[in-house]
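Written below as structure tokens is the structure these notes are about.
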Amino acid sequence: EAILSCKHKFSKGMSLRIEWKKIQSQGVSFVYYNGEFTGDLRGRAEMLNTGIRIRNVTRKDSGTYRCEISAKSEEGQRLGEAIITLTVLVAPTTPVCEVPSSAMTGTVVELSCKETEGSPPSEYQWYKNGVALLEKTGTGSARAANLTYTMNKKSGTLLFNTVTKNDTGEYFCEASNGIGLSQKCSVKRMQVDDLNVSGIIIAVVFVALVMALCGLGVFYAQKKGYFTS
């Protein structure tokens, strides 16, 4: 459960009007209005004097709430409000990892890792052959290692600008946000091979020979008069 406290210094004899609202990007919506709860808090929230107790909180309950109290007195209407931010902490789920099974040396390759349930948002750590990869910081051991990749722990991407055969290995990613246990995706192997230049040359020569033979065939057919009407 979560308790959103809203205290005031109005006199007990004053007639109070209490409203709770949730401030969202698309606008302001009522949470407690005209003596009852609205929306998905109906049935799982109760008033504690002027505060709110929410049972069975979910990630959707995270957000900014505004408590508004108005009081009538002999001097007239008096108003007061308080802003409260509720953050519901959620452990990460198993991330989804995308690792290409094969790649050619010298090409650009990106591995991705993402999970969307954790609150606060997860950070990501990539592993190769069971060893944590260094983050390129520009200083220290990461710089000395002359890394061929860039790892973004916020977005979960692992980018190889020019992948090499040494990057062949088994990769997995771990998501963590300090809440509960970290979660890992399954291990996936990426195989990096040299471009088969000789194979490409043979294929090009073969295609050229086929085109030459087709040209000779057309020339022979024209000479024999097969294309005359």
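Heads up, the Cβ atoms here are built off N, Cα and C, so glycines get one too.
Across the domain 'Ig-like' (1-85), DSSP helix (H, G, I), strand (E, B) and coil residues number 6 helix, 51 strand, 28 coil. Residues annotated as domain 'Ig-like' in TrEMBL: 1-85 (among others).
The annotation domain 'Ig-like' is assigned in TrEMBL to 92-193 (among others).
The transmembrane segment feature in TrEMBL is assigned to 197-221.
Counting residues per DSSP class in helix, strand and coil order gives 8 helix, 45 strand, 49 coil for the domain 'Ig-like' (92-193).
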